[in-house]
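Report on the following structure.
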Amino acid sequence: MTDIKLQARNVDVYYGQKKAIDNVSIDIDNGLVTAFIGPSGCGKSTFLRSLNRMNDTIADARVTGEILLDGEDIYAASMDPVALRARVGMVFQKPNPFPKSIYENIAYGPRIHGLAQGKADMDVIVEKSLTQAGLWNEVKDRLNDPGTALSGGQQQRLCIARAVAVSPEVILMDEPCSALDPIATARIEELIDDLRQTYAIVIVTHSMQQAARVSQRTAFFHLGVMVEYGETSEIFTNPREARTKDYITGRYG
Amino acid sequence: MILSAVLLAVLALGLAGWTFARNKARLLYAGRGSMHSMPVYHGWHFALWIVLPGLLAWGVWSVAMPTLVNGSILADPAAAALPADDMQRAAILSEARAIAADPSVFAFDPLSARLADPIRVAEGKWGTIGALLVLICALAGGAHAWTRVRAGFPARTRVERVVMAVLLVVSLMAILTTVGIIGSLVFEAGLFFKDVSPLAFLTGTHWSPANAHGGDISANFGAVPLFWGTIYIGAIIAMFVAIPLGLMSAIYLTQYATRRVRGWFKPLLEILAGVPTVVYGYFAALTVAPKVRDFAAWIGMNNPSTESALAAGLVMGVMIIPFVSSMADDSLAAVPRSMSDGSLALGATRSETIKKVLLPAALPGIVAGVMLAISRAIGETMIVVMAAGASANLSANPFASMTTVTYQIVQMLTGDQEFNNPKTLSAFALGLVLFVVTLILNIIALRVVKRFREAYE
Amino acid sequence: MSNPRWQTPAALRRIARRNAAERRFRLLGLGAIALSLGFLALLLVIMAKNGLSGLNWSFLSGSDSTDPHMAGVWGAAKGSLLTMLVTIAIAFPMGVLAALYLEEFAPRTRWIEWVEVSINNLAAVPSIIFGLLGLAVFINTAGLPRSSPLVGGLTLALMTMPVIVISGRNAIKAVPPSIRDAALAVGASKVQTVFHHVLPLALPGILTGTIIGMARALGETAPLLMIGMRAFVATPPGGLTDPSSVLPMQIFLWSDQIDTAFVENTSAAIIVLLMFLMAMNGLAIYLRNKFEVRW
Ligand SMILES: Nc1ncnc2c1ncn2[C@@H]1O[C@H](COP(=O)(O)OP(=O)(O)O)[C@@H](O)[C@H]1O
Ligand SMILES: [Mg+2]
C-alpha cells in the first residue's frame, strides 16, 4: 500500500551562483519514513527546505525543477506558500520553541490558520497534539509554563506537537535529535514511528544507525547529488553505488 | 612673560638633552646585547628628568606668583589709597594689571595708573626668581639623570613606568568629569535648596522665578509644570512619532529589505541623528510651528500660540527616530533565526511572525532602546528653546505653549548671572534632576540590553 | 488532487485576507522609512530654498552685523574653528590614551570598573549638563574668560572624550591578539607592542570615531549657551580667549531676529554648517572604507 505524496523532478537549488543541489528527482510515499543521509554540507537540509519552500526565506536561494505535492506544483503561482507550509510542516535541528507558554506554542499554528472555533475547540487541539507528541502527561499540569523551561528532549517534542497541531500531511525533520541525549533521542524515534501512520515523514540524519532504525526508505546524498535511493534495508545491506558503500562503512563523512 | 619664555627654555633643554643622552648612550653601545635599553630610551629618560621637574616647578610657581605679586603691591605706599571694598579693589587692581601689560590702555581710575609701575616691578622681580627656580629644578633633574646614562641602566623600564602613569592619570579623567558634574550640580543646587525647600521645588505647581522676591520664595519655584512639559514633549509626543516610525523602519530594514536597499536606507536614516539640534529647532520654529498653529485654529481653537508642545514634540520625535530604529534593529537581529524559521515553517506570514514571535522576543531590547531615546529626548535643549515656549503650563493640550526643564535652565542662565541668586541657582537644581533621571534611565536600559544579549548567546 | 481542506471558500478567503494584511504591513514599513526620509528631504529643501540665494562671498567672509545684508558667517566659523582646535587638542590624545590603557593595560580593579561605568554614562549625559559643568568649573572656579573658544573647547572636549574612548576601544579590540603575540614573541615590551603595533593598526578606526565625535561637537549649541558663547562678534575672534560665537550659535542668534531678512541668513548658515558636517562624515566613511581590514 503505497501512494506518492511528494514528487521532485530535476530539482536544482542555487545559493547565488553556487549550486547546492544538482538535478535531484525523488518520490516520497505516504505512510513511510524517508531518511536523507550523507556527509555534512552535501545539501540534505537545502533539499529538505525546498520541499516546503522554506528556501524562499533565504534572500539569494533559488529553486528550479518541479516539486509536486499530490500532483500539484508547489512552486506554481497558484500555490500559496502559507497554505503549503501548513500542509508540509517542519521540525528543526535545534529545538526552537517560541518564548511563550506551552499552550500558546501549540495554539499558535491553529490560531493563525483559523483552525479552531473557540477556546474549547483549541483546548481539544492542544491536548490532541501534545498527546500525539507523547508530551501530554508530562505537561498537562503546567500548560502555562514557558516552553523554554522544558528539557531539550521535551522542547523538541513540543516542536513536533506544534507542527502536528495544524494537521499537516507531511512532516519534514532536519536532524531532530542531533541536539539531544540518547534517551530523549529514543523517545523521539518511537514517536516518529507512531506518527508515520498519519503523516508522510522525511527525516534528515547524520546518524546511519538512526536512519536504519526509523526509516523505510533512505536517500544518500553526496556533494549536492542524490547518489542512491531505495529501501532502507537494501541501502544498508546491499548498496548499489560504491560511494554509498564507502559512506555507510565509514570510509568518510 | 618671562615665565612662558622659561617654559619654552625647559622644553628646548629637554630636546637637547634627549639628543645628548641618546648620543652618549650610542657610544656606550659595544655590540649585541651589551646594553639593557636602546639608546633612544636613554634619551627619553634624560629628557623626562629635565622636563618633568621643570614643569612641576613651573606649575607651582604659576599658582603661587599672583599671591606673591599681590603681597608686594599691597606693601607699596600707593596701595594704601585702595578702597576697602573688595569689589572696587579688585576692579582697580585688574585695571592696573592691564596697564602694566600694555601702557596704552586707558585708565578710568588714576590710582590704577599709579599702581601700574609697582605691579610691573613686582612681576619682573617674582618672574625672574621663578624662572631661575624652574631652570634650577630642570638642571638638577638633568644632572641626576646624566649620571644614569650607563650601559646597565634600565632606562626603558623607567620610561615605560612614566608612560603607564600618564595613561592611568588620563583614564581617571572620566571619573574626574563625572565627579565634576555631580560635584558642581550638587554644590550649586545645595545653595539653591538653602533658600527653596526641596519638597516645594519637586512638588510645587507654580513656576515663576521672576516673582521670587523677599521672604518665602519657595512658592515660586514649583517645578512640576516643567517636569510635565518635559515628559509631555519628550516622552509622550516625541515617542508617538519616534516609536512607530523607528520601529516600523527597523522592521522593514531587517525583515523585508534586500541587502542593497538596507545598505542605502540605513545610513540615510542615520543622517537624521547627525543633523544638529539647532537646525531642527529652526525648522520647528520656522515651518512646523506655524502649520501646527494654523491647524489648531482650523479645528476651532481660539488664539492658538505659535509655540506649542506639539511642534516641538513632533520635530523631536523625528530626531529620535534613528535612535529607536537602530536599537530595534539590533534587538530584532539578536533574535535567533530559528525563531522566525519555526513560525514561518508553520505557515505564518512574515508579518504574523514579526508581530507574534519576533517582537515579543525582542521586546526587552526595544524597551531599553525606547528608554535611551526618552533620556535623549528629555535632555534635548535647542528644539524646545526654539519651539516650545516659556510659559509653565500644566496642561494636556498639545497646542498650548509649554516649557521644559532644559528650556528653563537656558532661561535662568542667560542674561545677568548672579551666583547668589536663587533664580540662577535653580538652573543647577533643574540640571541635577535632569542628570539623575537620565542616569537612571541609561543604567536601567544598559542593564536590560546586557541581560537581553546574554539570553540569546 | 489537492487537499480539499485548504480549498473551501472560507479557507481561501482567509488566506487572501492574511496575504492582504501581509502586504499592508510591508507597505507600512516602507511608509515609515519614506516618511522619515521625506521629513529629512523637506528640511533640506526648505533650508536650500530659503538659504541658497544668500550664499555669496560677502556672506562667507563677513561677520555678524545688525544689518542682515551685511551679516556674514566667517566670524562664527572662525570661532567654531578655534573651539574645535581646543577640543581636538585635548579630547583626541586623552581619549586615545585612555582607550589604550583601558583596553591593553588596565588591571581589572574596582577603580577601572568605575572608569568604565563613568565613560559609558558620560556618553549619554545630556549635553546641556556639560554646559553647566563648564560654567561651574571653568568660568566660576578657574576664572577663565567667558564666551571664549578656550572654555567652549574645554567643555566640548569633556563631552567628546567619552565618545572617542568608546570608539577607540572598539577599534583596539578589533586588532587581533596574534599581532600582539607576534610582537611580544620577538622581545618587544608590552608598551612597545601597544605603541608600535596595536595603535597604528587601530588608528583608522580611532580616527573615524574621533571625526564623528567632532562632528557632533561642531553641531552642539546647548552647552555653549551655558558658558555664554553667544557674543555678538562683529569682528572674527583673534585668539582663544577672545569673546566669540560658533556656527550653530550664530544660527540660533539669527533665528531669533524679528527682521525676516535674517531667515535667509539663518538658512544659509545652516547650509554652511551642514556642508561641514557632511564633509566630516564623508571623511569618516572614506577612512572606514579605505582602511577597514578584515582580519
Ligand atoms: N544560506 C546559505 N547561503 C549560501 N550557502 C548555503 C546556505 N545554506 C547552506 N549553504 C551551502 O549549501 C551547501 C549545502 O548545505 P546544507 O544543505 O546545509 O548541507 P547539510 O544539511 O547536508 O549539512 C553547503 O555547501 C553550504 O555551505
Ligand atoms: Mg543540515
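Cβ coordinates are placed from backbone N, Cα and C, and glycine is handled just like the others.
Residues or ranges marked as transmembrane segment by TrEMBL: C:27-48, C:81-102, C:122-144, C:150-172, C:193-215, C:268-287. Among the features that TrEMBL reports, domain 'ABC transmembrane type-1' is placed at C:77-284.
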Worksheet item: For the transmembrane segment (C:150-172), what are the same-chain contacts with Cβ under 8 Å, counting residues 6+ beyond its ends?
Response: 79, 82-92, 94-96, 98-100, 102-104, 119-120, 122-123, 127, 130-131, 133-134, 138-139, 144, 198-199, 202-206, 208-210, 212-214, 216-217, 220, 223-224, 226-227, 229, 240-241, 244, 246
Worksheet item: So are the transmembrane segment (C:81-102) and the transmembrane segment (C:193-215) touching or not, going by 3+ C-beta pairs under 8 A with a sequence gap of 6 or more?
Response: yes
Discussion item. Counting CB pairs under 8 Å, which listed stretch among C:122-144, C:193-215, C:268-287 touches the transmembrane segment (C:27-48) the most?
Written reply: C:268-287
Worksheet item: So which residues does the transmembrane segment (C:193-215) touch in its own chain, when a touch means Cβ under 8 Å and the partner is 6 or more beyond its ends?
Response: 84, 87-88, 91-92, 95-96, 99-100, 104-105, 160, 163-164, 166-168, 170-172, 174-175, 179-180, 182-184, 277, 280-281, 283-284, 287-288, 290-293
